[in-house]
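Residues annotated as domain 'Glycine transporter' in TrEMBL: C:7-80, C:94-164. The feature transmembrane segment is assigned by TrEMBL to C:6-25, C:32-53, C:65-82, C:119-139, C:151-169, C:175-203.
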Amino acid sequence: MNQFIYAADLFGTVVFAISGALAAGRLRMDPFGVLVLAGVTAVGGGTVRDAILGATPVFWVTDTLYVWLIGLTATLVMLLVRCPRRLSGKWFQVADAIGLAVFTVIGAQKALAFGASPIIAVMMGTMTGVMGGMIRDVLCREVPLVLRTEIYATACIAGGILYTGALALQLDAVLAAIIAMIGTLVLRLFGIFSGLSLPAFALDNRPKG
Amino acid sequence: MNQFIYAADLFGTVVFAISGALAAGRLRMDPFGVLVLAGVTAVGGGTVRDAILGATPVFWVTDTLYVWLIGLTATLVMLLVRCPRRLSGKWFQVADAIGLAVFTVIGAQKALAFGASPIIAVMMGTMTGVMGGMIRDVLCREVPLVLRTEIYATACIAGGILYTGALALQLDAVLAAIIAMIGTLVLRLFGIFSGLSLPAFALDNRPKG
Amino acid sequence: MNQFIYAADLFGTVVFAISGALAAGRLRMDPFGVLVLAGVTAVGGGTVRDAILGATPVFWVTDTLYVWLIGLTATLVMLLVRCPRRLSGKWFQVADAIGLAVFTVIGAQKALAFGASPIIAVMMGTMTGVMGGMIRDVLCREVPLVLRTEIYATACIAGGILYTGALALQLDAVLAAIIAMIGTLVLRLFGIFSGLSLPAFALDNRPKG
């Protein structure tokens, strides 16, 4: 794997682990809970992706650097963070957006490497980006935020389409990855700074059945 | 695979996707949430089944028609459905029962094709039928309906037993599948039209531990 | 597998299945719900472990004794248990602790058998011990208890470290397993009888983002 993408992947892992650890702190979990939520947020999406593709043992079993980083991140968050508001400002969302962009491209790459078609690559990219946060929310007994609001998953879908589209146009794989990451990032940043959301599909009547 | 069973499988996929999309609409999710809920309801059970059996990449990675159908169904539901009550009447439940019957037999078939024993085939058939809806309910922050009420999973179990039993009696595989599908369907329809449920196992005292 | 560890594993499966069936009874589930909760509590952790390691078909597909035992246990709980308080006293917690100790060592063993490194073995041991209960709690719409309180997962982590440490010191595999099981058990019993918990990581301010 390209060294730059690997470094960006580790960066995204740390950012996502922080977001999981903070969610655990808000529910007053014990240190094990903090570890679990940091872990599922950071590598939950990639784990489900690998299980679906049959890419087992999953990536963090083979490369344990992810696991060490998550443990270190969770520990530092517990020791150092007292005021989570500082970690939920715009700059943290920008860091999260970078992680999202990298995860999306890595997920799409891996699907293609396993012979999947473009639509599956888009799905796997999106899954890698958003499913960790979804599992975190379910463990916190919340309807996953990503299903309800903001331009988040949409940025992943667009990034996956950019990536597979660029490859279909015979672009160089590294160039395609860069285009897709920038596309995901820009769209997500637009979502953060504009505050816009997609319109909800709202059914008012709860059916009896 | 038999053309008839394949067509019935696609029919069940659409019906289950509609049920997932409606659940998303009731929670006022955005379009991505509608897609996710349509998808997990339609193929969630088969995905877990394939991951447990080691049948990876899972079926919809190989045959992307399922994915396209789910995307199309979710889109049409968002565009067309304004009055979900029409989609929760008895006829929709009958369509759902047909999907349930097909999913059950396909799940049991796949387990046997992977060398599993009859009891596992019954489990995998049931899992294919009901687990998608269970994941949908968890994402909607509800205790899965199928665990609490109605003759639903019971119909799958009966269908799985019919299928493996018919094969044990040396019946033709197609005949066994038809018998099992009809058995599942009849039992489920009985549940729908009689309104009967299995008795609950109710413990009153919430223990301290 | 060593006969003693196999017997202890079956014992743990029964105890965990009872705990799942009781949770189903408290939510007034139907018999299928009781089966499902007994099953996920008993083998949910090992199933996720096997899917992550690529040890598929997962263990209970190959050795159906686990499935029969869970079905029998769930049935007996429904028929016999009327007063769950008796099954939540200290002696049931001790039985649960024995199951936890065995599951931890078996999970770590399996990870090592698949070529995983020690830190992954510790994780897989812990996952085998606690994830079934976590899935049970999610299906019951509760934030998993193990993430919030008590010396439970901590005992698994300590047991996994003892096991991989003993092997690193060239101890005999059976001796290492015994040491690790006793270590897990003692630490968990200390948690039960002392009532001590780890300090929570509590963030008061729910951030706006």
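From the backbone N, Cα and C atoms, a Cβ is placed for every residue, glycine too.
Unlike curated entries, TrEMBL annotations are predicted automatically.
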Averaged pLDDT score, the domain 'Glycine transporter' (C:7-80): 93
Close approaches to the transmembrane segment (C:151-169) from elsewhere in its chain (Cβ under 8 angstroms; 6 or more beyond its ends): 97, 100-101, 104-105, 107-109, 112, 118, 121-126, 129-130, 175-177, 179-181, 183-185, 187-188, 190-191, 196-198
Candidates C:6-25, C:32-53, C:65-82; stretch with most C-beta pairs under 8 Å toward the transmembrane segment (C:119-139): C:32-53
Intrachain residues whose Cβ lies under 8 Å of the transmembrane segment (C:65-82), provided they are six or more past its termini: 10, 13-14, 17-18, 20-22, 25, 31, 34-35, 38-39, 42-43, 59
The domain 'Glycine transporter' (C:94-164), counted residue by residue under DSSP: helix, strand, coil: 57 helix, 0 strand, 14 coil
